[in-house]
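Working notes for the structure below.
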Amino acid sequence: MKHLQLGEFEEIVLLTVGVLHGNAYGVTIKDEIEQRLNREVTIGALQITLRRLESKGFLKSNLGESTESRRGRPKLFFEITAYGKKALDYSKESRDQLWKALPKLVLKLK
Amino acid sequence: MQRVEPPRFILRFLKWFCKPEYHADIEGDLLEYYDRRVADLGRTQANLRLCKDVLLLFRPGIIRSATIHQPLTHNGMIKSYFIMGWRNLWKSKLYSTLNVLGLTFGMVCFLLIGLYVYDELNFDTQHSQGERIYRVITHEKNSSNEATTVAAAGYMLAEESKHAIPEVAQTTRMQRVGRANLVDPENPVNVQETITVANEHFFQVFDFPFIEGDRRTALKEPYSIVVTEDLAMRIFGTKDVMNRNLQFNHMTNPVKITGILKSHPKNSSFTFTSVLSESTRYANEGFLREAESDWASTDYTVYTLLQPDANPDSVSRKMTQLVYANASLEPGTKLSYSLQPLKDVHLKSEGITDGGRNSNVDSIPQGNPVYITVFFFTAIFVLLIAGINYTNLTTARASSRLKEIGVRKAIGAVRGNLVRQFLVESMITTVIAFLVAVLIVSFLLPAFNNFVNKNFSIFTSVGLRFWAAAIGLIIAIGLLSGGYAAMLLSRFNPVSLLKGLKLKSRNDFSIRKALVVVQFTISTVMIIGTIVLFMQVRFLNNSNLGFDKDLMVVIDVNVVKARSNFEWVKNEMSKVGTVQHVSVSSHVPGEWKTLVRAKLKKEGSPGDFQIAYAIAADKDFLNTYDIQLLSGRNFRNANDSSAILINEAAAKILGITDVSGDIVEIPQIARGSSFGPLYDDVNTSFKPRVVGIVKDFHFQSLRAKIEPLIIAYHDNPIYPIDYFSVKIQPQNIQATLDKLKSIMVANDEREPFEYHFLDDQLARFYIEDQRSQTILGWVALASVVIACLGLFGLATYAAEQRLKEIGMRKVLGANLFSIMALLSKDFVKLVLIACCFAFPIAWLGANKWLQEYAYHIDIDWWIFALAGVIATGIALLTVSYQAIKAAIVNPVKILRSE
C-alpha cells in the first residue's frame, strides 16, 4: 500500500506527535525529538514535514491558545488521525516482517 | 522585566514570503524559541539563531505563491470608493459644481489651444520619410560683406550631390516660377495660378498622396503636369481628369495631366495646386546647358533625402566643398550650405528668405514660434489654475468631512484606503469635467476652425497621440489636485477628529494662500497681456500710415496688354463716375509680394553704395494715395522717365537736403534675395535725377522701420508696372467693381481680374496678432473666471467657519461694513500680493514682444493699474457676495445652538 508509506523523518515526527498526546505543537515536537533522539531539528524541516503529513491526512491540527512569549500568536496543536495510526501500523508491520525474515546468523555478525 | 524584541525586519521578511495560513503559528513558535534563547544564550545568539531559522524556512512548501492576495476584498473596496465618491459629490452640490465648472473651463481652453499648438508643431509631418528630408539653405556673403540666407540652391548642387555624397539618398528641385492663367483649352476660364515646377524625383522624396497616376513617372516626360483634386474640380468640375490637357497662357504647347493629388492638409507648408515637370523647360538644349553650369545660384528650392543615420552637418560641409570644387565664384564671395530639417520649415525659418521663386509668388506662410510658446504655456497655466482650484476647495472643506474621516479610521480604514478614496473622488470629478469639456469643444469647434483658419475635427484630425497626451495630462491633473488633499486629509489622528478638536491648520492654510496667489498672478499677467495686445493691434490698424488706404481697389496686372495699354485703361477707368483717382505702379504701399531693392549713391560722392527700396509709379500716384510732397515736384510727363522721387529716409542716406537736380547712380538691383547688375553691361548704371522729396510713409508693415525708398517713373529699367490702384467712392462699390472689371476685360479678354482692397490687405499683416489677441482674451477671461470660482468657494468656506465669530461681533455692535471688511480683507490682500508678482512678469513679457515692432505703443502705468483694478474688483465682487450673506444673518440664529 504505497500511499501509507512513511519517510524516516515523517515517521519520527508522527510518532512524536503521538508521544506528546495533546500537547504537540511546533516547539514541543522539536524539543521532544531533540531530547529523545539527540538529533538537531530545524524549524523549517519540521514545519514542512508537519504540513505534508497534515495534507496527506495523517495529522490534523487545531488552533490553540497563545502565551505571553508568543506575543498573541496562537499555538497550532497536532493530533494523529486514524489514518495516520494506520500508516504507523503499516510501517511497523512491514519492519517486523522484515525483522522476522532476517536469518539469525546475520544478526550475530557485528 | 523589559522584554527583548527580535529584529523587526526578520519577522517582516517571514511575513512577506510565508503562506498567510501558516504564518501566525510559525511566528509564534519562533518567538517562543527566541525568548527562551535570549534567556539561555543572550540576545546576539538569539538573533543569529532566529535569522538562521527564518532562512531555513525559506523553502518551497512554505513560500507562498506569487499571486496577488485578497483580490475579492480589493475589488469590493474600489466599488465602495466609487459609491462614496459619487455620494459625496451629490451631497455638496455647490462645491461639486464649482469644481466641475472650473475644471471644464480649464480643459476647454486647454483642448482648443492644444489642438492649435499641436497642429502648428506637426507641420509637414505627413511624409513617411520626413525625418530624413532636409531643405538646403545657402548662406552667402558677398565682397562688400553683405550676408544673405536663402532657402535655395543651384541646379547642379541638387544634381551632383546624390552622386558625390554617399549620405545623400535622393534630391529634388522645385521652383515657383511665376503666375499665369491655367485653363482647360476647351472651356477657358481665366484664373491665375502659381506655376510650380519640380523634377521627376519630387514625388519620390515627398509622399503627397496620389489619387491617380504613377508617382515615379508622373513628372518624367516634358509637358506633364500633376494637379490637385481641388484644382481639377475648379477647372473641369470633375476629378476624373487623367490624361486630359491643360493650357498655360504663356506656353505654346498644352500640358498633359499625368497625376491627380489629394488636396494638401492645412498643416502643410506646400500650397501648390499643380506641379509641372522640369523636363518641360530642359527639353531645350540651350536651357539645359545653361542649367548644367549653375552650381551656386539660388534659383531652386532643393530638398535632399538623406540616408538613415546620416549626419546633416557633415553632409552640408561636403556640399559646400562640392560647390567650391566646381563653381566659379565672384572674387570675395563666400558661400556655405546648411540643411534645415523639414519639420523646422514652418516654425524655425526666421531670417531665412524663401528662395527659388519669382518675386510675384507669395512666400511660404510661416508660423510664429513666439505665439506658439505663449499659447503652450497659457494652455498649461489655465489647466494649472483649474487644478489649484480643486485642491483649494477640497482642503478647505476638510473640516466638514473630519467626522467622516475619523469614523472611517476608527473602523479600520488605513491611510491608503482614505488616500485612494479621495483620489477616486477627484478622478470622478476630473472625468466628468473632461467629458463635458469634450462636448463643449465639439460644439465650439466649427467657430474655432473658422477663426484660426484650420480644419480640425475632434477625433480624426489630430490622431491618437494628441488624445493620449491630453488624457494623460488630465489624469495627472486629477491625481495632482486630488493628491494634496488626499495626503493632507488622511494624515489626521482619528481620536482628535472624533473628539471634535479644531485642527491646527495654519500650515495648510498658508499653502492654500500661496496657491491663490499663484492663480491670480497668472490671471493678472494674462489680463495685462490681453490689454497690451489689444492696444497694439488697435494702434497698428489705426495709426496714420502716411498714405490713404481706404476705399482703394488694387488690381493686379496679369496680362501683357494690361501693361502695354495701361494709358487707355486708366483713361477709361477715370471716366467711371465713382472713381476718384487712378494710378499705376510696380508695387503698392503695404505690398504683399517681394519689394525690389536697389543699390544707389549720389553720383560723384565717395562712400559706399546704400540700399533703398524701389517702386515705379506714374504721375497720379501721389494724388491717389494722398502722399505729401515735401519739396521739389511730381512727375509731369514722359520726359520724366529718368526722374525719381525719394522719401525722407532716402534723402537722409543720400545726403540730399533740398532738391537741386542731384543725379543718383543705380548699378545693381535685387528682385529676390541677391543683388545683380541692372544692365547686361556690368559697368553701366541707371542714372536718374532726383526731382522731389516725399514725406515718409509706411510702405511696409509697422514691424519694420521706414526704410529709404525711391519712386521711379513708370517707364524705367528697374521694374515695370504691376498694379492699377483705383481710389473709389463709398457708394455702390459692387457696381464700381463691375465697371472696372468690364474695362479690364474689354482691354484683354483673358483678363482674370484679380483685385484686393488695400485696407484688408494691410490688416493681414497683423492678422496673427489679432487672432492671438482674441485667443488670449478668451483665455484670460476663462482663467479669471476659474480663479474666481475658486475664490468663491474659499470665501464660502471662510464665512462658514467664522459664523460664530461674526455672530459675536454683531452682538457686540459691529456693523455690516466692518464685517464685510473683515471677510474680504484676507482675499484682497492675496490678490494684491499676486499683482506685485504679476506686474514685473507682464512688463518684461510685453516689452519683449513689443520690441518686434519698430512702431509700438508705450506700456503705460495705467495698463497695470487697470489690470490690478480688474483683478481686485472681480475678486472683491466674488468674495463680497459671501461676506454680505454672512454679515446680514441674524446673530441669534447662529449663537443659539451649541
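All residue numbers here begin at 1 and follow the chain in the order shown.
Backbone N, Cα and C atoms are what each Cβ position is placed from, and that goes for glycine too.
It should be emphasised that the depicted structure is a prediction, and the values quoted were computed from it without experimental measurement.
Positions annotated as transmembrane segment by TrEMBL: B:94-118 (among others).
What TrEMBL lists as domain 'MacB-like periplasmic core' is B:96-322.
The transmembrane segment annotation in TrEMBL covers B:370-393 (among others).
Feature annotation from TrEMBL assigns domain 'ABC3 transporter permease C-terminal' to B:377-494 (among others). Summarised as a single figure, the pLDDT of the domain 'ABC3 transporter permease C-terminal' (B:377-494) averages 82.
Residues of the same chain lying 6 or more positions beyond the ends of the transmembrane segment (B:422-446) and with a Cβ under 8 Å from any Cβ of it are 78, 81-82, 84-86, 88-89, 96, 99-100, 103-104, 107-108, 111-112, 390, 394, 456-458, 471, 474-475, 477-479, 481-483, 485-486, 489-490. The annotation transmembrane segment is assigned in TrEMBL to B:422-446 (among others).
Here TrEMBL flags B:466-493 (among others) as transmembrane segment.
Sequence annotations record features per position, and here TrEMBL assigns transmembrane segment to B:514-535 (among others).
Look at TrEMBL and you will find B:775-799 (among others) tagged as transmembrane segment.
The domain 'ABC3 transporter permease C-terminal' annotation in TrEMBL covers B:780-891 (among others).
The transmembrane segment annotation in TrEMBL covers B:827-846 (among others).
Per TrEMBL, transmembrane segment is recorded for B:861-884 (among others).
By the count of Cβ pairs under 8 Å, the stretch nearest in packing to the transmembrane segment (B:370-393) among B:466-493, B:514-535, B:775-799 is B:775-799. Within its own chain, the transmembrane segment (B:827-846) is flanked in space by residues 513, 516-525, 528-529, 532, 791, 794-795, 859, 864, 867-868, 871-872, 875-876, 879, which lie at least six positions past its ends and keep a Cβ under 8 Å from the stretch. By the count of Cβ pairs under 8 Å, the stretch nearest in packing to the transmembrane segment (B:466-493) among B:94-118, B:514-535, B:775-799, B:861-884 is B:94-118. For the transmembrane segment (B:514-535), the list of distant contacts is 374, 378, 381, 384-385, 388-389, 391-392, 769, 772-773, 776-777, 779-780, 783-784, 786-787, 790-791, 794, 827, 830-831, 833-835, 837-839, 841-842, 845-846, 849-850, 857, 859, 863-864, 866-868, 870-871, 875: same-chain residues at least six beyond its ends, Cβ to Cβ under 8 Å. Note on the transmembrane segment (B:861-884): residues 520, 523-524, 527-528, 531-532, 535, 784, 788, 791-792, 795-796, 798-799, 816, 819-820, 823-824, 827-828, 831-832, 834-835, 838-839, 842-843 of its chain, located 6 or more positions outside it, place their CB under 8 angstroms from a CB of the stretch.
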